[in-house]
Structure formats: C-alpha cells, structure tokens
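As recorded in TrEMBL:
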ACT_SITE  232  active site, nucleophile
BINDING   121, 122, 204, 207  [4Fe-4S] cluster binding site
DOMAIN    36-210  domain 'Phosphoadenosine phosphosulphate reductase'
Ligand code: SF4
C-alpha cells in the first residue's frame, strides 16, 4: 500500500505543490527508515532529490556509484555538490580485481558484444557495489520517473524491492521532464553539463550517447539493445513489469 502523498492525478501541478509534496514525502521516508539512502546517478532527477535532502538537512544518506567508466562531466558533479552544500556524498566503487579479471578475459568493450556481457559488466561495476552500499539499510531512494521509458511505465511511489531485499522509494515517479528542469532552474541546482549537450539520461561514457529530437528519453542508453532490456540491474524489477 502506498503511504507517500501521491500527486499522480496532477490536478495541481505547480512547482510549489510538487516541491512541498516531495519534501513531505522525503521527511516521511526519513522517519520510517532512518537509515535510508538516495542512490544518486548524479543525473538531473537525483540532483533535485539531493537538493531537497541537503538544503533541508534531512537525515538521509546520499551515495553514488563510480563505475570507473563515467564521463568527466559526471565526476565534476560530485565536486559541485560539495561546493554548493558543503557536504561530501559517499562514493562506492567496483572491486578492482574483479574488473581486472573481466577486462582481461573479455576486453574493454565487451558490453557491445552481447546483452549477457553487458549485464556482466553492469553487475560488477554497478550492482555489486550497490549491494555493498545498501548493506544494513532498510530502504533506498531513486530518481526514477514513469515517463523515462517503457520499463518504468508502471513505476510505483514505493515498493518492496525483491531484487535487493529491502524497501524502495521513487518519490519523483509522477514528475515530468519539465518539472525536473523547472525545479533545477528555480532553485539553481547544480547539474551535469552533459544534459545541455543532448543527454537526458546519463550512464557510463561508452554506453551513453546524445539523443536525437523525438527519441525516447532513454534512447541514448545501450542504444544497440532493444528497449525492453534497458535496465542495468539496479532496477531489474522493472523488467518484470514490461
Ligand atoms: S553502463 Fe556500460 S560500462 Fe557501465 S557498467 Fe554497464 S555495461 Fe559497463
């Protein structure tokens, strides 16, 4: 059962109402799960959540996964957060020896060869570090939105995450792309410079490209695969709902 306030019907979609609802929901999450954490990809949605948490000093942790294949622009966002809010977010990295062995066996660009090899790479660089980052926590928070792709079409505000065995909150589930950017401009929230170069969704450098006008917001992620397999394992539960 969803307990978070839900603006899904969007009868009043002003930024003020969206923001108030978001802050109430994040406060509620912090009370229900004091050890909950935002898993930030450092993309626009996660920066909105980061701003809500840090500007209100909400007792929620924030961490990111440095896969070792991120754009320089993405890494710059970590520094921008420190400068803006005076706080360092946690950084989790893959096991160096596991990465070395994988690259030795399959090469540096094996993810282009098959979905299986791509998922193996995502697993060692993202899923395994995420498991470590979530260890001991009762819940995690993501910046996923329903309109991002068909794999997120039925995204709930909160759900049992069977993949990681804890609770999961998606407080921006019903936000539109325009809402995210209105918030970023209104509050002057720092964001990844790649968003201004045609990248609405940003992952690792070799697996992300700019999109063309009219393309799906996540069309630039793993563009060589079909759209119903485009989750990296962090949100694998979405695939079962497609
Ligand atoms: S997005 Fe690409 S480089 Fe990054 S972990 Fe997944 S397959 Fe590997």
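Don't overthink the numbers, they just go from 1 along the chain as shown.
Cβ atoms are placed via backbone N, Cα and C, with glycine included.
Here the binding-site residues are 121, 122, 204, 207, and the one ringed by the most other CB atoms within 10 angstroms is 121.
Mean pLDDT for the domain 'Phosphoadenosine phosphosulphate reductase' (36-210) in this predicted model: 95.
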